[in-house]
Each structure stands twice: as structure tokens, then as C-alpha cells.
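Please read the structure below before turning to the comments.
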Amino acid sequence: MAFSFARFGAVLFKEFVQMRRDRVTFAMMIGIPIMQLFLFGFAINSDPKHLPTLVEMADQGPVTRAVLMGMQTSDYFDFQGVVTSAEEGDRALRNGSANFVVVIPPGFERDVMRGLAPDLLLSADASDPSAAGAAVAALSGIVSGAISQSLTGAVAAKVPTPPPFSVTVHKQFNPEGRTATNIVPGLLGVILSMTMVMITAVAIVRETEKGTMEALIATPVRPLEVMLGKITPYILVGYVQTIVFLLAARVVFDVPFIGAPLALFVGFNLYIVVNLALGFLVSTVARSQMQAMQLAFFTILPSILLSGFMFPFAGMPGWAQTLGTGIPATHFLRITRKVMLKGAGLADIGGDLLAIGIITLVIVAVALKRYRQTLD
Amino acid sequence: MTAEMAISVRGLTKRFGPRTVVDRFDMDVPRGAIYGFLGPNGSGKTTTIRMMCGLLTPDGGSGTCLGHDILTQSQQIKEQVGYMTQRFSLYEDLTIRENLDFIARMFRMKDRKARVDAALADLGLADRAGQLAGTLSGGWKQRLSLASCMLHDPQLLLLDEPTAGVDPKARRDFWDEIRRLAARGVTVLVSTHYMDEAVQCDFIAYIAYGKKLISGPARDIPGMIGLTTWQVEGPDIGALEAALRQTPGVEQVARFGAVLHVSGTDAAALARVAAEQSALGTHQWHEQKGGLEEAFIYLMAGASDNFSEGE
């Protein structure tokens, strides 16, 4: 017997009625994404500034002052005070009251004048590498700039030009290096995956847990009709989430959208489908709503950690990258960043679409095999 | 044969892991009969019912349900069978009307609205159609479940412990309804573990620990077991009960209030015990026709727990 649109429609309609009655879940579907967007968008900053810094000055003079002034005005360092011994500096690093201690060695200014390239020691608390990294990277530029500015006239001529070469960094796509510009498009993938997988899984497992599935499959309804009927309403929820999200990204976080809207549209439709299929798969494994929640959460962690959302994809070891390639969020993340920030069109995201497509087929095949019409 | 049989299965077997939940089960349910399916909790009644209507694939055996093969034609079986599950299985967050309407759509019924209206009127729930099903009392939920199973006019009704947890008045009403349906020609297979409900059935099969112990017309069951029963009345019945349990020839002593039912399969041995005891003059002994109750107590005591093996 063939697929019945009447039965599919009935399941769909029932699902909408239930969704409307379950106000808490409905509020969650819209409220959680917005909450997360604001939390992540405003709270996460991978380029932290104003880090507490102490200074140990064994030399005082115009050049030293110029160096410190340069560091202060860079916004990375926030001088909190002066230490008089190395032990005092170490203690401050250990107890966390300072992230950096700058040590100006004795005779620093004199050595600079003589062109001896003296050492300027920056002790950094690198227990959180991402917190220290940007500031450390910025330091040498700041110092050399400050020194050359402070030396004028005859003195300046005697000093060799500090660096024999210079590095030019050209920050593309996100010239200001704002974290929100990177985080917000990626967050769309994580949030869609979170709500889609979880809500679908729970909605289906609820039928099994409450005993309604038993009565449902005792009717002539086909598995595909149940699956599509239950999933379709959540596709619409995914649309609403995406629209809210893109609006907020634009209005609140000023994230650019320079690529082809059609490309993103195709991408997120496919992404919604793969997540719903994943939720369906979870529901065939879980025996209770609680288990479904836990399993769904378990699928979300890799989407956050291995997809390149939290940590750079290229920085992961080979096996982790292989794992990450099997995660739909990885590819959707690339799609959103390419389209929104780099101006990509449909042709540029073909590979990512194909990858999600393959993952979808695999998941659907496994899910349909597991969801049999019989109860055994 | 099959034409007159609503259900006819041979050798049905179902294993869940190492446990054989249903073991080589045979059953014939004549059309139009009320067939009682008895057995203690966990004896495999639900599993058997699910296999007979095609919800569960048996590991062994074959059979037909309404003339359709239970292995290959579950779709056709589902169209013609009403299955009422043990738990309330309608949507608690849908209204009464929405629930019935949903079931009607699942069976793709014509003139859906008229039939849902008729079912609501039959139930006497027409003015409460907009109420959420979850807010109904136990008895009403059960009636609504039955109505939803009957919505598509099935020829066969499978009821899995329909009266569990329902008050006595509602149970009686429910059985009145079942007899009305049977009178209209609907075959009813009902599982229960209440003896007073078993008495209402035309046929009975008794299943324990996955094995069918006996089946046949309800009135023949006591005779098939061959149990002789004596009714004993008199003072200090408790002491007598204890003494009789130790007496050879007495296989079963069941107490019904102030009366003992003393049963055994060896009629002559039991008669000797009765004669000796009557001679003492303290208690009155009367031989009586063995009833279903004694028969089931006897079956229960005799069934070996094959689930405990190998565990």
C-alpha cells in the first residue's frame, strides 16, 4: 500500500495541536536560541584585552616609560602596579592577581641606545593559552614601535632600525578581529542542532513512553507517514529559529551578510533535515524521554567541540578532523561562515552540501531500519 | 476451518533474548465468540496478542487472523482489527473529539465527522467533546479507548486487560458493552486475570509462563482438568484447613470465607478423606460440581516457572 497523504496530514495536524498545547516546550524552542545567541555573542571573546599586568622596573628612563605607555595604550595590558622582586611577580602570576609581569632589565635604555638588543622579559600566565596568546603576539610590535618613537634626533640616527624586516598582517573577512563575527554564524549551527535533535527525539520517544505509539502502530499508518508527519512541524520551528537568529545577528551584533541568501537557504534546509533525521535516530535508541535528552546532548557536544565552532578545525589532530568531517555541524559552520562573511554563492559550498547530504542518507537509512513497524 | 475461525495460530513462539516468552502456542478463536485469555501477570498474554495481530513478528509458528497471514499481511489485519492496549493509549493532550478524529483519519474513513459524532453520542460524551482526554477518570478513559477501537467497525476486537484498575461498576458496564458487541457478530479476544470475568467468556485459554496449559469452551474446563471438589463447613475451619493440607489425596484447599473447597484429581481418594472426616461429625462435607475458580487455582499451582530456568 502506498504512502497516504491523508494519514501524513493527520499526524502533522495532531503534532501542531500538541505543540500548541505544550507552551513550555514551545517557549523553549524560541527562547533558548535567543538566550544563547546573546550569551555567546556577548560573553565569548577569544581576543581578550585589559589583562592585569605588573611591572618590575630595574631601569627607569624615557625609553622604558615609552615602552610601558605603548603597552598600556594597546589595550591588551592593564598595568596594576609595580613589583620589586622576581618572587613577588611569580606569586602574583600563581595566585592569578596578574596575567603578565613585564621585567625591564637594568641598563635597558643604555643597551637600546647602543643597539645591543636587550632582553625584555614578559612572564605570562599561559595556563589559558588563548587568553595570553593575542597579547603576547602583539607585544614585540608594540615595543619596537614605542622605542623608535621615543628616540629622536641625533640619538635616533645612531640606533640601527630595530627590525631588519617587518611583517604585515592582513586580517581578511573580519578586519577588526571581532569574536562575535565568527561566533554568531557558527552559533546558528549549534543551536539548530541542539533544538532540532532534542525536540524531535523527545517528541517521538514521548509516544513510546506514554504508550500512544503502540496504539498508533496498531492502525494502518505507515512508518514513513509517522516519521514525516512528526518531523515536518519542527522544520518550521527551525525556520523560525533561523529567521530570528539572522535578524538578531544583523541588528544586535552587526554581523555582515555579504554572500548569496539562496546558498544559505539551501544549506540550512539540508542542515535542518539532517538534524531531524538524527533526532529520529536517537528516538529509535532511547527508551525514555530522559534517555532521549541525554543521548541528544551527547550528539551535541561533538558539534560544539569538533566542528570548529569552539576551536580551530585545522588545529585538531588528523583523527579528530576525520571525526569532525562526519559531523553535520562542521559543514554547516563552513557554509554559514563562507556565505555570511566571505560572500560565497551556491557553487562555493557544493562540497559542504554534498557532505551533509551523504551524512543525511546514512542516518535516514539507519533510522528507518531501526524504526520497524512491529514492536520487537 | 479457517473461514469460521477469526484467529487460528499454530506453534507461535517468541523469544526475548534467552527467555522464551511464548512457547509453541496454538489457538483457535471461533468467529463471534467471546474468548477469554487467562493467566497471571507476565505470562505472555500481551506478547501473544501482539503476534496475532501482526504487531510483533513471531520467532516461530504461523497462523491466520481474519483469514490473513499474520506473518505477511499485517497491514490487512490492522485494517480490520481493533486493538485496545493495556495502558491508556490515546493522547492526553488532545481533546476527546481530536483523539477520535485522529483515529478516524488513520483508518481513512469516509464521512469521518458523522462517525465521530455518532461515537461521541454513543459514549454520552457529546457535550464534553472539547475536554482533554487526560482529564477523564479511569472508567471514562477506558470507555473512550474502547470507542476508539470500535470506530472503524472491526470484525475482531483484541482487548488486553481492559479492566485493570477500573472500579467494579465500570467493569460491569464494560462487560455489558462487550456482550452487546459480541451479539452484533464481533469476535472478542479479551485477556484478564480476573476469575469473575473469565466466567463471562464462551471460550477460555489459560496461559502461564509462556505455555498454554488448557483451552476449550468455558463450561468444559473444570471437567477437562478432572477435579473433584468437596465443600466443607463447620467450626474452627482454619485448623482443619491446615490439617487437610497434610492429608494424602487432598491436592488443593481453597478458602472462601467460612467455607473450604477441598479438591483433588483422585476422586476415590478424596471420597475416603471426606468419609473419614464426616464420621467425626464436627464438619459438614458436601460434594459439589467443580467450578472454574478451583480449576484455575489448580492450574496456577501446577504450572512450573520456566522463566526462572537458566537465569
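Numbers here mean position along the shown chain, with the first residue as 1.
Every residue, even glycine, has its Cβ placed from backbone N, Cα and C.
Since the structure is predicted, the reported quantities are computational estimates derived from the model, not experimental observations.
Residues 179-180, 183-184, 187, 190-191, 194-195, 199, 237, 240-241, 244-245, 248-249, 252-253 of the same chain sit 6 or more residues outside the transmembrane segment (A:24-44) yet have a Cβ under 8 Å from a Cβ within it. Residues annotated as transmembrane segment in TrEMBL: A:24-44 (among others).
Residues annotated as domain 'ABC transmembrane type-2' in TrEMBL: A:149-374.
What TrEMBL lists as transmembrane segment is A:183-205 (among others).
According to TrEMBL, the feature transmembrane segment maps to A:231-252 (among others). Within the chain carrying the transmembrane segment (A:231-252), a Cβ under 8 angstroms from the stretch's Cβ atoms is held by residues 12, 15-16, 19, 29-30, 33-34, 37-38, 41, 184-185, 187-188, 191-192, 195-196, 199-200, 203, 268, 272-273, 275-276, 279-280, 340, all 6 or more beyond its ends.
Tertiary neighbourhood of the transmembrane segment (A:258-283): same-chain residues 188-189, 192-193, 196-205, 208, 227, 231, 234-235, 238-239, 242, 292, 295-296, 299, 328, 332, 335-336, 338-346, 348-349, 352-353, 356-357, 359-360, 363-364, 366-367, 370-371, selected by CB-CB distance under 8 Å and a gap of 6+ residues from either end. Taken from TrEMBL, the feature transmembrane segment applies to A:258-283 (among others).
The transmembrane segment annotation in TrEMBL covers A:295-314 (among others).
Among residues of the same chain six or more beyond the transmembrane segment (A:349-368), those with a C-beta under 8 A of the stretch's C-beta atoms are 223-224, 227, 263, 266-267, 270-271, 273-274, 277-278, 280-281, 284, 325-326, 328, 331-332, 334-335, 338-339. For A:349-368 (among others), the entry in TrEMBL reads transmembrane segment.
Long-range contacts of the transmembrane segment (A:295-314) within its own chain (CB-CB distance under 8 A, at least 6 residues past either end) are made by residues 183, 186-187, 189-190, 193-194, 197-198, 201-202, 278-279, 282, 285-286, 320-321, 323-324, 327-330, 333-334.
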